[in-house]
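According to Swiss-Prot, the protein has these features:
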- 11-17, 39-41, 300, 326-328, 409-411: GTP binding site (BINDING)
- 12: active site, proton acceptor (ACT_SITE)
- 12, 13, 14, 15, 37, 38, 39, 40, 129, 143, 219, 234, 298: IMP binding site (BINDING)
- 12, 39: Mg(2+) binding site (BINDING)
- 40: active site, proton donor (ACT_SITE)
- 294, 295, 296, 297, 298, 299, 300: substrate binding site (BINDING)
């Protein structure tokens, strides 16, 4: 049976921690979409691990890991991450990671193009990670891309990469890019990559009857190419549909869909953010929460929890339970606000707006809660939480239509987690 972990907001919710926890009993952990633009941080045995393209399940010693067909894979990052895990003591990680031969290759060329495209937008920048994800998915959709399996075939990467480079040079002029260097590197990868490449359908067949397959979502629903705050989104399907498509999952095998919700809101890069706090409150959240991007190091914008957004996210992903994260970051706030509705021209909106211009203009209706003003760091039992923290959590559950909050994060370590019987 399959468990899917998905971000319910703008990303950076803390998906890696619940994935790490659940992967301890999982036979297989998979990434379905996205690339090395993702960033998941896990603290285990006082060691901090940063994941980008690799699934977080590699920390679990008995968990096999798969990078699925829906992903885009930057191979230098793939090998660099594997080496970093080995240096931190995960000596056998390279034996437990595989890549679908149908996944797309993300080249350094794509990163160069990403920067040029972003620069051309001037004052309307999307705020991408600059990792080349958008151009790579564009080449995939235009049927110009290279698949992982083709890296193993002599001459295929060189032929296709020369065509891609010529096309981008015709569009942008001279590029700050060494074509011959990248071709040479991929000639080396032809042998180096061989042990990791699998036919996904055949590979997954061995796990069809497994009681525990875990899917680790990347990014989040509000960055989904179809359902997010377009065009300020990533270039893949980040919701449950993307997981099913990218991993060829049987929908009837899905046992649970876990939505990961941060106890407040953050966003990296450009785009609408109705509950953003450009003030001392936002700065306090940013400082206490250490809100800097794992992938880019950029400062995250911060604001209050937005239940309008979370309800919209739930209506698309159909969460069976919620993991509420970083509750402890709110410990020192005198009062805590939660967005419950949007108004436009004095009227409550009945649905989540599709247009970013509308989101920029909405008036946010808040419910205000008294803070608990005591530490929740490291608490592992529900009954030990302050009463005001419990009320805050129960309100979120009601606003989510009764979807239970089963896990509550109270700190960075794996052990800093409350698991409720719900």
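All residue numbers here begin at 1 and follow the chain in the order shown.
Placement of Cβ uses the backbone N, Cα and C atoms for every residue, glycine included.
These figures come from a predicted structure and were not determined experimentally.
Everything Swiss-Prot records as a feature, shown here on the structure.
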{"residue": "14", "record": "GTP binding site", "CB count, 10 Å": "21"}
{"residue": "17", "record": "GTP binding site", "CB count, 10 Å": "28"}
{"residue": "40", "record": "active site, proton donor", "CB count, 10 Å": "23"}
{"residue": "41", "record": "GTP binding site", "CB count, 10 Å": "17"}
{"residue": "129", "record": "IMP binding site", "CB count, 10 Å": "23"}
{"residue": "219", "record": "IMP binding site", "CB count, 10 Å": "31"}
{"residue": "297", "record": "substrate binding site", "CB count, 10 Å": "8"}
{"residue": "299", "record": "substrate binding site", "CB count, 10 Å": "13"}
{"residue": "300", "record": "substrate binding site", "CB count, 10 Å": "20"}
{"residue": "327", "record": "GTP binding site", "CB count, 10 Å": "25"}
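Only 40, of the recorded positions 37, 40, 297, 298, 300, have a C-alpha within 10 angstroms of the C-alpha of residue 17 (GTP binding site).
Comment: IMP site residues 12, 13, 14, 15, 37, 38, 39, 40, 129, 143, 219, 234, 298; largest CA to CA distance 34 Å, whole number. Within 10 Å of residue 39 (IMP binding site), counting CA to CA, the recorded positions 11, 12, 299 contribute 11, 12. On the backbone, the CA of the residue listed as 'active site, proton donor' and the CA of residue 410 (GTP binding site) stand 17 Å apart. Ranked by CA distance from residue 410 (GTP binding site), the recorded positions 12, 37, 298, 300 have 12 at the top as the closest. A simple way to gauge crowding: the CB of residue 410 (GTP binding site) has 25 other CB atoms within 10 angstroms, across all the protein chains here. Its own atom aside, the Cβ of residue 37 (IMP binding site) has 29 Cβ atoms within 10 angstroms in the protein chains shown.
Of the candidate recorded positions, 12, 14, 129, 219, 327, the one lying closest to residue 300 (substrate binding site) when CA atoms are compared is 12. The DSSP secondary structure for residue 17 (GTP binding site) is helix. Taking CA atoms as the reference points, residue 129 (IMP binding site) and residue 299 (substrate binding site) are 12 Å apart. In this structure, residue 327 (GTP binding site) is part of a helix by DSSP. Residue 299 (substrate binding site) is 13 Å away from residue 11 (GTP binding site) when you measure Cα to Cα.
In sequence order, the binding-site residues near residue 12 (active site, proton acceptor) (Cα within 10 Å of its Cα) are 219, drawn from 37, 219, 298. Note on proximity: among 14, 41, 297, 327, the binding-site residues of the record, the Cα nearest residue 219 (IMP binding site) is that of 14.
Taking a C-beta cut-off of under 8 angstroms and a sequence separation of 6 or more, residue 298 (IMP binding site) has the following same-chain neighbours: 268, 269, 292.
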